[in-house]
Amino acid sequence: MTETITHQDEVCVNTIRAFGADAPAAAKSGHPGAPIGCAPMAHCLFGHVMKYYPKDPRWFNRDRFVLSNGHACVLQYTMLHLTGYDLSINDLKKFRKLDSKTPGHPEVGHAPGIEVTTGPLGQGISNCVGLAIGAHHIAAKYNKPNFNIFNNFIFCICGDGCLQEGVASEACSLAGHLGLGRLIVLYDSNNVTIDGDTSLSFTENVIQRFNAYGWHTQTVKEGDRDLSAILQAIKKAKAVTDKPSLIEIKTTIGWGSQNEGTEKVHGAPLSADDIKQLKAKLGLNPNEAFQVPEETRRFYADVAARNKAEYEAWQSLFSKYGEAYPDEKREIERMFSREVDEKVEVALHDMAKAAADTPASTRVLSGKALNAIKDFMPELIGGSADLTTSNETRLKGEAPFSPVAKVGSYADRYIHFGVREHGMAAICNGLYAYGCFRPFGATFLNFVTYAWGAVRLAALSKLGCLFIATHDSIELGEDGPTHQAVEVIPLCRALPNMLCVRPADANEVAAAYMLWLRHSTGPTVMCLCRGSIPPIAGSSVEKALKGGYVVSDFSKSGAPQVIIAGCGSELQFCVEAKQLLTNCDVRVVSLMCWDTFEKQSEAYKEEVLMQKERKQGKVLCVYVEAAGTLGASRNRGIMSVVQLEQLLLLIRVLSFSKLSTVLEGDTQRQLREWQERTPRYIGRHRAQQFQTYIAIRTTPEPLSPRSCFGRLLKFPPEALNGILCYCWEKFFDVHIGMKGFGASAPRADIWKAFGFTGENIAKKVKEALK
């Protein structure tokens, strides 16, 4: 860390400020105010404090930097360019353009040097708590006498908005409790929000609040100019090893612009005239965009040389560490490579075999799986949001991650997150982003929605976190509908990049853990039941790895063929229903993970679900799950109208104003006439739903949208008692699911009340076959 401030530093800050104005102007959108206001603190961090090496942006011991107020991303892109990362001026000119390295908020995987994806406020600072836990843990576990190989810090810039978000409060409270001295937050305190001055909604004393959390706090009163004060505050913060640090830095948003200090400079580019006067004030050419003065180039060239020397010294130390501690060095390198020890899957197979014949809840089996793999996965770290016993996540032999010696140590791996679901998920994201950990966080499935902002960013960022979600349906019983997840499973399945896995027994739990560890492009949510269920005859670890497979096949009796599919705790009822349907030839299918099943070959999917035969009326397909029905009929991209004798379809009527975009010519004209004739039925700007059955005599072959509508529009609306349109082809003919919330009652009563029994499934099959 260098502490001397010169005129050259002022030139660098002015360069950064000008970039903060130029990039939004080039994009014709963006946020210039915060990049301009935060330029001094960014220069202090990247130019004087942090250690990093752009030619090896994943260097294990680099300091991590997170811009929590991600809308100020021009600031981060500017620093990455000036410090030598692979981010050019042309990349900055493409700010907010399609497929550029410089999207409108920082995203992992676009530009090197971006540690986490930020934008939703509060997430970045919460990720930093996870990064800091990772920094403390790896140092405590792998540093040796004379080999201080991990001594990095986590630096964060955040704004007023971040500190208003609940997730930041959750994470920062835990950070203070854990005494994470490697975390230093620079708080851009400019007293401006989008709506106006913070006095409108945010008047708390932030310093007192963070003191109460157990943080070390300081204030820099002149953050626009006093670089020396900023550097001194950071130096003091680094010296406090038993507390995280918050440095409140008073700044002026959009400093030097015509609207400085107001919300007007927050989220819209400066005018051309304003940019010119700002650059003149900064001593730069008013007519040149993205200019980098020679003094700025020289300064950051010197920074690069200094960082290169530090990087090479560390590599030499790490090499010597490997000579003294070869096993530890290999383990560190394996973890950062994301390679999983082959012993892990062996242990999961062994766990499945040992538990194969004993009834158990899948949450208990998940606990067995965690403990089976923990000794082969030092990268495994995590905990529960105050539900350790309920979630079955306790790691046997592991003390809590804690700075208190009588409780545990930073070398331990079990984190007590407290009742902080959102903070837990964001912290897990930070742990994964550190580069070598496979974190898990646990709660009830219903409270995954409390954590959804962070779960969504895990998916967007392709972070391989495991979210263990127990008590996954109405099956949890007496706690009632406040705790019974109904809509959460469809929500999880809708999230891109995330696996939603619902295993039914020990074999499938083992496969679920393997799917998580093999899934390198996003998180996994593992939905687990509370109550004990019997093992499923015919289940298989290997088959379950395909996401869906045949558990019990047809008997080839010649009777009407029925496929009953399900997953999780309801799969047992599918098996029971087969035993009751003595006059049918039944196949039972486990659909443990839809996304994994979707990735299998078309031939395999056809082999399992027999969709061609179903369309021809030769096979009836039934799906059973104690969850909301939305999404269970997967879109296949084909329009289909079928005879009433084959299947009565419950149709959701959509907005005709939207549907008109897929029609052409006469059909579109006819549709407009229908709109004029049916004001009672059709809303032009909002979808309306009608529950109506309608029969159209036609072939069961799929029809194009035009053909489908052409047939429909021949009928006047008055004759139809409703409107039928736009039915997506379905996998299943009958869906037994939840149409509303659950209730409070013992588990057996709940199953019966909502129709999740073998008897009811058999009854529905018989009704459909008639």
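Using N, Cα and C of the backbone, Cβ positions are placed for all residues, glycine too.
Bear in mind that TrEMBL entries carry predicted annotations, made automatically and left uncurated.
Look at TrEMBL and you will find Glu421 tagged as active site, proton donor. Annotation note: Glu421 (active site, proton donor) sits in a helical segment as assigned by DSSP.
Among the features that TrEMBL reports, substrate binding site is placed at His31, His266, Arg363, Ser390, His471, Asp479, His483, Arg530. Sequence-distant neighbours of His471 (substrate binding site): residues of the same chain at least 6 apart with a C-beta under 8 Å from its C-beta are Arg363, Ser390, Phe444, Leu445, Asn446, Asp479, His483, Gln484, Ala485, Leu528, Cys529, Arg530.
Marked as thiamine diphosphate binding site by TrEMBL: His71, Gly119, Pro120, Leu121, Gly161, Asn190, His266, Phe447. The Cβ of Gly119 (thiamine diphosphate binding site) lies under 8 Å from the Cβ of Gly70, His71, Gly104, His105, Pro106, each of these being in the same chain and 6 or more residues away along the sequence. Gly119 (thiamine diphosphate binding site) carries neither a helix nor a strand DSSP state and counts as coil.
Around the Cβ of Asn190 (thiamine diphosphate binding site), 25 further Cβ atoms fall within 10 Å across all displayed protein chains. Here TrEMBL flags Asp160, Asn190, Val192 as Mg(2+) binding site.
Across the residues of the domain 'Transketolase-like pyrimidine-binding' (360-536), the predicted structure has a mean pLDDT of 96. The domain 'Transketolase-like pyrimidine-binding' annotation in TrEMBL covers 360-536.
Annotation for His31 (substrate binding site): spatial neighbours Pro24, His71, Ala72, Val74, His266, Gly267, criterion Cβ-Cβ under 8 Å with sequence separation of six or more. Among the features that TrEMBL reports, site 'Important for catalytic activity' is placed at His31 (among others).
According to TrEMBL, the site 'Important for catalytic activity' annotation covers His266 (among others). In the three-state DSSP scheme, His266 (substrate binding site) is classed as coil.
In sequence order, the recorded positions near Phe447 (thiamine diphosphate binding site) (Cα within 10 Å of its Cα) are Glu421, drawn from Asp160, Val192, Glu421. Comparing the Cα of Val192 (Mg(2+) binding site) with the Cα of every entry in Pro120, Leu121, Gly161, Glu421, these being the recorded positions, the smallest distance points to Gly161. When Cβ neighbours within 10 Å are tallied across all protein chains shown, the highest count among the recorded positions Asp160, Glu421, Asp479 belongs to Glu421. Working note on the binding-site residues Leu121, Val192: by count of other C-beta atoms within 10 Å of each C-beta, Val192 ranks first. Annotation for Pro120 (thiamine diphosphate binding site): spatial neighbours Gly70, Gly453, Leu457, criterion Cβ-Cβ under 8 Å with sequence separation of six or more. For Gly161 (thiamine diphosphate binding site), the same-chain residues lying six or more positions away in sequence with a CB closer than 8 A to its CB are Asn69, Leu121, Gly122, Thr193. Within 8 Å of the Cβ centroid of the Mg(2+) site, not counting the listed residues Asp160, Asn190, Val192, the chain contributes Gly159, Gly161, Asp188, Ser189, Asn191, Thr193, Thr198, Thr251, Ile253.
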